[in-house]
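As given in TrEMBL:
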- A:12-30: transmembrane segment (TRANSMEM)
- A:127-147: transmembrane segment (TRANSMEM)
- A:153-174: transmembrane segment (TRANSMEM)
- A:186-201: transmembrane segment (TRANSMEM)
- A:207-224: transmembrane segment (TRANSMEM)
Amino acid sequence: MKFQAFKFVFPRTLPILTGFWFVGIAYGTYMNVAGFSFVYPMLMSLIIFGGSLEFICVSMLLSTFAPLSALVVALVVQARHLFYGISMLDKYRGLGIKRYYLIYGMCDETFSINYTSKVPEHLDKGWCFFFVTLLNHFYWVSGSVLGGILGDFITFDTTGLWFVMEALFVVIFLEQWKNDEKHQNGIIGIGVTALCLVTLGKDSFLLASMIIIFSILSLQYLYTRKMKGRLLPNG
Amino acid sequence: MDNLTLTEQCIIIGMCAAGTMICRFLPFIIFSRNSKLPNFIVYLGSVLPLSVFGMLLVYCLKDVDPSAPGHGAAEVIAITVTVLVHMYKRNMMLSIALGTIIYMIEVQFIFR
């Protein structure tokens, strides 16, 4: 049962192996150059398991001690995970103790894969989710360790390899686009985020995008409820 | 890096982990008790994913430098290729691999 689940999910995680090794090695190298032993990227990747925040965390480790602002930055950078949790409430229900690890390890990529992959009937959904989470976690930690140990020895030209992540998100978006009839929500997601990125710059666009997307979706909810209320005065 | 003691470093890393875990666990903690979710949350759970995938697709492009050679043409072309290949073949690995290879060729040989 477990092996079958593993066999089903492993190929689906290969793009993430490529992407995480690329970014993870870059991250490990970055810490190495900043003077940290590979133990730091290893433990940080294991414990935090959130790429962009880990990069930011390096600069926190290099400046003066400010734990509270570290927490605030972490909450802001990671706020998007609230959206993932809300989307996964149902899918992660009733999976026993595995559930805690699934939530713990739910990074962008794990959420994307676990939300969109259609697990065949004969396979155990919980184990499929578990292996996706575990494999991605492993790819990220091993990439960071590799970078931390031998970052400088990698010589072949990997310029542009980061695009594997972009391609993954494009494909995930297309798959969801096909499954979801409400296409306007996809356009809202792309449009609002792109607009915020262009106007606010890359350091502060994300939180603004999330707030605006959330507001538009909420208004949409209120509006459809109002329309329904008109049609069905009792419902 | 001698500014921070080992304990202080651990606290900073712990804070980053705590912030991450609060965001990941919060929805599950808030909505674990009641067996029936509020309508609004059910609604959000159904509409958020497509918006979020759209958001991630743009978020992943945040480090693209618009003043680099090509001014974003490399990204536009590679994304278009990924979309077309995926619409035509609908094979995840193939679309991702081709899109990435095209992009790498572009930035290493064409737009540089």
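Positions of Cβ are set from backbone N, Cα and C atoms, glycine also.
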Q: Six or more residues out from either end of the transmembrane segment (A:207-224), which same-chain residues have a Cβ under 8 Å from its Cβ atoms?
A: 76, 79-80, 83, 185, 188-189, 192-193, 196-197, 200
Q) In the same chain, which residue numbers or ranges, 6 or more beyond the ends of the transmembrane segment (A:127-147), come under 8 angstroms Cβ to Cβ? A) 1-2, 5-6, 8-10, 12-13, 16-17, 20-32, 38, 41-42, 44-46, 49, 51, 54, 91-92, 95, 98, 101-102, 105-107, 109-110, 113-114, 117, 119
